[in-house]
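The structure under discussion appears below in the form of structure tokens.
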Amino acid sequence: MSIWELILAFVVVVLMLVSLLANVLVLLCFLYSADIRKQVPGLFILNLTFCNLLMTVSSMPLTLAGIIYKSQPGGDHICHVVGFLETFLTTNSMLSMAALSIDRWIAVVFPLSYHSKMRYRDAALILSYTWLHSVSFPIVAASLSWVGFHHLYASCTLYNKRPEDRTQYVIFTGVFHALSFLLSLIILCFTYLKVLKVARFHCKRIDVITMQTLVLLVDIHPSVRERCLEEQKRRRQRATKKISTFIGTFILCFAPYVITR
């Protein structure tokens with residue numbers, strides 16, 4: 001193995017360990033916290049966690065083996081199953097994050113009617129759609145033999161071996177990523193921009209009350225006044241940072257997969 005292959009193998013091992021640890025911790029929090037289990041978003045988080053764990057224990061070890069041995073790990077049947085799971089789990093993870101953003105949008109923009117708009121039944125329907133949506137593309141790919149081991153990725157993934165199917169495969173991958181990554185990204189941007197708009201509106205209301213209070217309290221110490229103004233500034237930035245982090249994490253995690261495929 002070359003030095004770059006060793007570095008790549010080390011990165012995959014680190015990612016596997018971090019993913020395994022992080023998602024197991026999320027599962028433990030879900031199991032031991034009754035409050036989390038009572039909340040509707042817990043279903044979306046649980047689904048996302050299971051997708052990440054299955055990806056960690058199914059696809060990533062075979063990718064590591066493909067990097068080390070520079071050949072397809074296992075037989076064709078195993079490779080087809082792993083490639084099927086990779087496409088399904090990746091799509092399901094994207095849609096689960098979109099579902100979480102829809103839940104937060106309803107909770108923040110429609111707080112009084114949230115419990116009537118987002119019940120366990122509604123969350124189950126959304127999850128049913130994500131599963132149906134996610135499984136449809138790998139079924140089509142598997143039926144057309146577009147799943148196999150790709151040496152460039154050192155993994156079992158979407159792969160067209162027949163030049164005569166190039167046009168159909170390009171159309172398929174374009175539709176697949178448009179209805180998975182692009183659709184999820186649009187939903188995330190739309191919902192969280194609405195959430196940010198509400199957050200900024202409430203911040204302005206709090207700022208007005210804070211400034212009125214500071215004007216009335218003429219004997220307040222300057223250091224206290226300064227801390228209030230500093231907290232006011234941090235409050236305006238907090239929502240923007242959280243939303244930017246969530247959308248940025250989505251792009252960072254899934255954009256490389258979409259771009260390479």
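Just so you know, glycine gets a Cβ as well, placed from its N, Cα and C.
Summarising the annotation, TrEMBL assigns domain 'G-protein coupled receptors family 1 profile' to 22-261.
Beyond the transmembrane segment (6-32), the same-chain residues lying 6 or more positions past its ends with a Cβ under 8 Å from any Cβ of the stretch are 42, 45-46, 49, 52-53, 55-57, 60-61, 63-64, 67-68. Summarising the annotation, TrEMBL assigns transmembrane segment to 6-32 (among others).
The annotation transmembrane segment is assigned in TrEMBL to 44-69 (among others). Away from its own ends, the transmembrane segment (44-69) comes close to residues 1, 5, 8-9, 12-13, 15-16, 19-20, 23-24, 26-27, 30, 36, 78-79, 82, 85-86, 89-90, 92-93, 96-97, 99-100, 103, 123, 126-127, 130, 149, 151, 153-156 of its chain (Cβ-Cβ under 8 Å, at least six residues beyond either end).
Residues or ranges marked as transmembrane segment in TrEMBL: 123-149 (among others).
Per TrEMBL, transmembrane segment is recorded for 169-195 (among others). Distant neighbours of the transmembrane segment (169-195): 87, 90-91, 94-95, 97-98, 101-102, 104-105, 108-109, 133-134, 137, 140-141, 144, 146, 158, 160, 239, 243, 246-247, 250-251, 254-255, 258, 261; these residues of the same chain sit at least 6 beyond its ends, with a Cβ under 8 Å from one of its Cβ atoms.
Annotated transmembrane segment per TrEMBL: 243-259 (among others), in sequence order. Counting residues 6+ beyond its ends, the transmembrane segment (243-259) has Cβ neighbours under 8 Å at 90, 93-94, 97, 101, 177, 181, 184-185, 188-189, 192, 195-196 in the same chain.
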Ask   = Mean pLDDT over the domain 'G-protein coupled receptors family 1 profile' (22-261): what is the value?
value = 84
